[in-house]
Each structure stands twice: as C-alpha cells, then as structure tokens.
Amino acid sequence: MAGFLPRFGPFGPLTPPAPFDEFGIKDTRPRLAGRRAGGYDLVERMEYLYVRVVKARDLKWSGAFDPLAEVKLGSHTCTTRHIEKSTSPEWNDVFAFSRERIQATFLDVVVRGKGFAKDEFVGRHRFDLGDAPLRVPPDSALAPQWYHVLDKAGARAGEVMLAVWFGTQADECFPLAVHGDASIAVDAKLAAHIRCKQYTVPRLWYVRVNVIEARDVAFVDKARVGEVFVRSRIGGQVHRTKTCVSRLPSYGWNEDHLFVAAEPFEDHLVLSVEDRVKVDKEEVIGHVHIPFKEFERRWDTRPIRPRWFNLVRPEGAAKIEKFSTKICVRLCLEGGYRVLSEPVHYLSDVRPSARELWHSRPPIGLIELGIHSAFGLSSMRTRDGRGSCDAYCVAKYGVKWFRTQTVVDSLAPRFHQQCYWDVHDHCTVLTVAVFHNCQVGDKGGVVSGDPVKDVLLGKVRIRLSTLETGRIYTHSYPLVSLHGGGIKKMGELQLAVRFSSTSTLGLLQAYARPHLPPMHYHHPLPIVHQDALRREAVALIAHRLGRMDPPLRRECVDHLCEVHSHRWSMRRSKAHFFRIMAALAPLFATLRWFVDVCHWRNPPTTVAVHVIYAILVCCPNLILPTFFMYKFVLGLWSYRRRPRHPWHVDTKVSHAHAAHPDELDEEFDEFPTKRAPEVVRMRYDRIRSLGARIQEMVGDVASHAERARCAMTWRDPRATAMYLLACLFLAVTTFLAPFQAVALLTGFYVMRHPALRQRLPDVPTNFFRRLPCKVDCLL
C-alpha cells in the first residue's frame, strides 16, 4: 500500500513514522510498554460526536405516557428505548455520530412519549456543538449534567441529564454507542447486533471417565442373564461401554470415556447402568449424578484412585426388594492437555488447561492488529434499488476474540479498530474473518420463521512466525468466498499487523520446545477420538459465546474454528497433491540435473562434476563443510527474494480456480447427503476410481518394501543365496580395496558416457524386481 497511515497517541499525533513502502514500514522504536496502554497507532484516528442520554426527571405531561428521548442532528435521528409509565425515566444510552458527516451546528434532544404524533413532544433542549468539549483517553470521563427541557410554549417541562463531547474510537463508550448516522433507523434491538465487542473464550478441559465395574446388579427376573452396559453423559455428549454378559452380579468393562467441559462447570456427569432386554429395548437399572467438584484434577500421568458410587433406581421402575448396586469409576479432569478446538496447523494458543502449567510458557511478545477498512465488497442485499452490505470483522487469537462494529449500508466500510494479544508461542496463527450481518433488515434476521445465518465474505490467516519483529505490515488482503456455485472475490480487507518481542531469548527457545504440551506426547489421545472431541469443543465455545450480549453467532464460530476442514473434498485432495509436487520440485529438478550429467548432455558440466566428485572422495573431510557452505550461500542468495508481506488466501494453491462445479457441490453437501440417488452413484463411482489408483500406488510401494525384506528371509532360496554371496564378495572387496578407489569407480560408473550404456535395465534392478512379495497371498 502506497503512502502512510497517520498514527495518533492520547494527546494528538505522534512523531511522524517512516514512510510506507509497497508492503509496509520498518519501525524499530522500543515502544512495547506504551502500546499496552491501548494506543491507536496502527489505524487512523476517527472522531465522533458522543451523546450520552442518562435520565430525566419531573416531566410534565397531561396523562400517563411512556417517555423516550430522541436525538436529532441535522437529518440524522436516533431514539432511546421507552420506559413505561414513568415521569423520571432512566435510559443511559450512548449515541455516536461521525464528525465528518456532521452538517449541523446544533443538537436537539427531544423528550416525547411512545406513540406521540410527529409534532408532539414533552420538552426539548438545543445544544450548541461549539460548546462540546474534546475528550481523548486517558482523560477522565465527562460528567453528565442536568439541562432544562422546554415545551412548545417555552415553559419548563422537566429536566434531562446528558453529556455531549467529541472523542475518538479509543473512547470507552465507543463499543456501547449506537451509531446514529447510519442510513437506516437503529433501535435498541438492532443496536445489540451491530456493536463492537470483545469476547473471552471459556477455558476448556478434557474429562476422562474410566468405567471399571459394577457390582450387586439386581434384576426383577432373578434368573435372567444380564446384558449390561454403562451410558455416560455430560450435557449433549453421550458415550456407552460395550455390552458385558455375565451370570454373576458383577460386570467389568475398564473403558475410558472422554468428554469436553467448559469452566465454570455448569453440567454434571450422569452415569447409568442399563440392561439390554431386547435388540431394540433397553432398561435403566440405576443411575447417579456426579458434580464436577468430585473430580480430581491432574496435569501429569499419575494414577487416579477409583471411587465407588451408589446407584439410584429411576422413578417408575419396578421395585426390587434389595437394591444396592454400585459402580466403580475413575474421574479426572485432564489439565495437561491443550483442548483442540481448531486444526493443529491453525492453532492460536498452545497452553494447557491447567493454570499451574502456564509458567512454562510465559509471554514472549505482543501481536497488534489494526483493522482499517474493506473496499470493493460484493452487494449482499438491495436497499432503495442499489446494492448494499452490512459488514463486520471478527479477529480470533487465543482466548480473546474481537468483533468490530457493523458498518451498515456500505460497500467500503471503515472500521479503524485496533486490538492486541499476548503471544506465548509465535508459531501460531491469527485469523480475521469478514461477515455480512444478516440480522440488520426489515425482518430482523428471520425469514419464513427461520433465523438467517451471517454470510462469510472471506478470511485472512497470518502466521506470526513469518513476521519480522517490530515491523508494521500493511497490506490489502483479498476476500475470497467458496461455495457450491464456485469461487468469487468478495472484496479486499486492509490490515496493519505488528509483532513485538518482549524476550528475544524466549523467542529463540520456543523453537526447541515441543509445539503442544508434554501430555500430548507422554499419553497421546486416540486419533479416533480427536475429531469428535474437537467438534464438541467448538459446540461448547459457540454455546458460551452465544450467551453473551451481543451474542457471537454459531456460524461465525464454525468458520473461525474451521469446523468443516476434515470433510471430504476432491478439490482439497488435488490441492494437497499439487502442494506435494511443488514442495518436491527442487528434488525432482536435482534428479533431472543428475540424469543430464550422467547422460553427458552438457559435457563441460559433467566434466566439472567428475572433478568435484573426485576431490570430495579423495578428501572426504571436505564433504560436510562443502554441503553446509553451499546451503549457507544458497540461503544468503535467497534473502534478496524474501517475502515482504504475510501469506494470504490463494485460489491457485487452494486449487479452487479450476474446480469442477460438481466437485464443489459435493464438498458443500451436508452429511448425510440430500442429493438424488443417481448423483450419489456417480460420485461414489468417481471416488472408487480415485481410490483404485491410490490403492495401486500404495500396493506398489508395499511390494517394493516386501522385496527388500524378502532378500534375507530365504523365501526364494536361490535369490537369497546369490544375495548373500554378493554381500560376501562386496565385503571382501571393500576391505581390501581403498575406500577412495571404490567410491571413485562407483561414481564414475553411475555417470558413465551414454556410449557405454545399454537401454535394458541393469543387473541389480532386474534382481530386485524378481524377488518375491506377498502380492501372491492376496485374494
């Protein structure tokens, strides 16, 4: 981005920054301690007129009415909520008007009743904007004061308490303010969906329930052979053990059930011992409710003592004369794990659940994000015959998520919000997503009785390890949306990012530590359970964030946590294949170059390789220094072509620009599928053909590995005998002959002239391909 962004401190502009180049600016000033105070130095300062309407008293009106306050500034009007049947209402609402849109010199605050005619009011007060003070934090909050309101006749009709001042987006009232200069009327209900907020993600724990055994299990029919199992449940998470058949009153399982729980713990564990009476009928023998305060907490591999709990018969069950069934379980809250709510390669926090272990990962830096603006957004709805979009951004990193205000009715919204996070591991990812707010509209986010989901316009991921310390990166990132109909560019998002290090030593030590907490390596979780636990973790986060005011909607949490990253996608499979090919391209290029050398396609290069090879063989102590010096020089040569800005979403890498429409439709199809049987059959046949090719490739790799092992197993006695004789001959030869001579002859033989070659495979290759493998044992 050309030009530069002005930076402002609490009392005005700071010293001029270095000019921006094409990708960002270099800022090496040690200002980390001052930045934590919440300065807005990564974004432009936006000035607003704030109007805080607190309350009114002694309102005079003939008859009962529901008072409300109306704020008028030129052509912009906004209204507080109404208070029923009161002459001393309290509103405490804040309104904000962008200073660049103000075209009036006076502000009118009108007190009226709900349902009043347009020209009727209780009282009115006019405020001269020239008298409004300027306030920028850390200035103290402006104290509201009482003002007289006058009726139509000019007589006093009561008093209203309000405060009017000019401020910036750094004002603490900005997140609570209703933007009164929006193009549509903003009421209290709509304001709850467009305000900016900061959300704290609850601390998640893995819950391990080890079901050991149950004793004294009694049935109504004493002669019955029980088919007993245990069902465990925490909220909506349910697991069950295998069925145990026994004639004794005791049953054993020793199975682990893993759950996810959020702190503060609101649910409890329900264990029920059930009997499988028939194939489709199960009866509860007894159950017990266990609160989380009964669970032990651990963050290592120490053993947990088992505990016995008495079961209670369910209401309405047949009575048993003597019921004393007990269940033995081990209950544990695993604090040594990091509960994975996002894919491992998109992790934003790697600290374990237990706070006692956080000292091992102290903060090593600070990441600051400035969300400037978006431009060129696609039209998502129509207002007054023109395209419109109601956009907001959500930034996710660690346990703190930040949501900007919704800019209503704008295809080029300006956010200019700044937020920061402590960094405990810089090999993590910051995610910023842009959404269209579907809750703004005449129908209030509901169509045909169903709630409308907010639409994702695009995402930006920034890996912190790719950022230089102390440098401000400013870049316009493309917003790309992929759906069943294809790929579409939805606009661009302009961000400014700065990563500052508080401990250079800690930053370097992070490369020597394991990425995840030690418990993930000492006692790894089963792969089968990880996907299910991740889905439950996302559901818990969405549930808790959905209970905040304003709620962060479930679709936002799903997109930011990449909840659909593991579903089948032909497009993603192709993308991974081409990624592998691109990553191995240098190796393939080296192999092609070596083949050209061996075939003498460039005689000077081949002669030079022979000379260098002879020098390295004669002086083997130069091999490793030469190799590492080559890597050093190659790395220095690549420095001038180093990347100048963070990665962004690339449609070519994603292989989305050439994806077939049917492949995209299959990727976004729900599970289970809702497509026609013939479409499902076609897709099944396509997957079968792809699986057959992969199966053949894996089979070839397995055959080569088995042939390498069969050379020593005497499966083919003649081949093994020949192989052993060859090994004996090579052992004697290499012992008697100098190593340099053997190496020179071997290398020169491999690089021999084409005139000395034959088109048929050589003897070792023919011998290897004739070795047996277990493909003969397959059906």
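Just so it is clear, glycine is given a Cβ too, placed from its N, Cα and C backbone atoms.
Per TrEMBL, the features are as follows:
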{"type": "DOMAIN", "residues": "30-147", "note": "domain 'C2'"}
{"type": "DOMAIN", "residues": "186-309", "note": "domain 'C2'"}
{"type": "DOMAIN", "residues": "346-477", "note": "domain 'C2'"}
{"type": "TRANSMEM", "residues": "577-595", "note": "transmembrane segment"}
{"type": "TRANSMEM", "residues": "607-634", "note": "transmembrane segment"}
{"type": "TRANSMEM", "residues": "722-751", "note": "transmembrane segment"}
With the cut-off at Cβ under 8 Å and a gap of six or more residues from its ends, the chain residues touching the transmembrane segment (607-634) are 597, 739-740, 743-744, 747-748, 751
Quick one: mean pLDDT on the domain 'C2' (186-309)? 88
The domain 'C2' (30-147) resolves under DSSP into 10 helix, 50 strand, 58 coil
